[in-house]
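What TrEMBL says about this one:
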- Thr168: active site, nucleophile (ACT_SITE)
- Arg196, Val197, Gly198, Asp199, Thr219, Gly220, His221, Gly222: substrate binding site (BINDING)
Amino acid sequence: GRMKPVIVVHGGAGRIFKEREEGSRAGVVRAALRGYVILKQGGSALDAVEEAVRSMEDDPHFNAGCGSVLNEKGEVEMDAIIMDGKNLDSGAVSAVKCIANPIKLARLVMEKTKHMLLTDHGAHLFAQAMGIPETPAEKLITKRSQERWKKNLEPDSNPEEFQKDLGTVGAVAIVCEGNVACATSTGGLSNKLIGRVGDTACIGSGGYADNHSGATSTTGHGESIMKVVLARLILYHMEQGMSPEMAADTALDYMKTRVGGLGGVIVVNSSGEWAARFSTKQMSWATVKDDQLHYGIYAGEKNTKPVDEALISESEGF
């Protein structure tokens, strides 16, 4: 049977500082609405997740695109992935610099090359070949990222303390025909080694989409997510008959007990049921299903609004 389209987005799991809550909430709501408008107009699940993620890359509240954290040398290096559940095609980029929207480049890797992942200099050359304009490095650096980087350089600093406020962004969607897609984008870990690539660019860790079971995008401690291949693990549990919520909780619990890692996930299954779950203190998320917008940041928090009403209040921004 035909189902209504669904989109779910996350703006990162971790600890969202009080002064950033409002911006995070507004940012995920905007991203979900933008993706939903594309679905409503008959766009593909891929188009919707790319647009939702692009919206958050352009929003300095999140650790992706503009607002990305800085590596040990004070530079922005970003990772992104996109995946099509129809034929398991995927495209990803890692350690890219001077690009406003890594998710767009990941989509081009998927559609214009025979490869799945391009990195650093090669990704840069490919972006040039595709006519993607270069964004000056300083345009992506916010005052907040700069301050955090400096703080983390102090001898008695504990970057781990700050890592909790991560903000990787992601989206999953399903359309009436049952096609699913996922997209994830991040600036990575603050003060990371040059060339560090986390879970986001890795298929099965940062995201996975398969029409047979569903789609998921992850956020949290990248190295832990990679150890358990979190995105694929969640889909595996759904293949075993678990609901999206149960599959997400089971996988997050395993990651916590097995490797001590915390994170968050958004999931949609092949029948359009969704979940947004996290083992961190918070995760900003939003979803649109059946003409209702739902969103939250805290465990157990779920605000609901008719989507038409939300679109009207958002429309100045469109």
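Each residue, glycine too, has its Cβ placed from N, Cα and C.
Among the record's substrate binders, Arg196, Val197, Gly198, Asp199, Thr219, Gly220, His221, Gly222, no two C-alpha atoms are more than 16 Å apart, and one pair sits at exactly that spread. With respect to their backbone Cα atoms, Thr168 (active site, nucleophile) and Val197 (substrate binding site) stand 13 Å from each other.
Taking a C-beta cut-off of under 8 Å and a sequence gap of six or more, Arg196 (substrate binding site) has these contacts in its own chain: Asn71, Glu77, Ala95, Gly188, Leu189. Residues within less than 8 Å, Cβ to Cβ, of Val197 (substrate binding site) and separated from it by at least 6 positions along the same chain comprise Asp79, Ser94, Ala95, Thr119, Gly188.
By the criterion of other Cβ atoms within 10 Å of the residue's own Cβ, the least surrounded of the binding-site residues Gly198, Gly220, Gly222 is Gly198. In the shown protein chains, 30 other C-beta atoms lie within 10 A of the C-beta of Asp199 (substrate binding site).
Counting Cβ atoms from all protein chains shown, Thr168 (active site, nucleophile) has 33 others lying within 10 Å of its own Cβ.
For His221 (substrate binding site), other Cβ atoms within 10 Å of its Cβ number 24.
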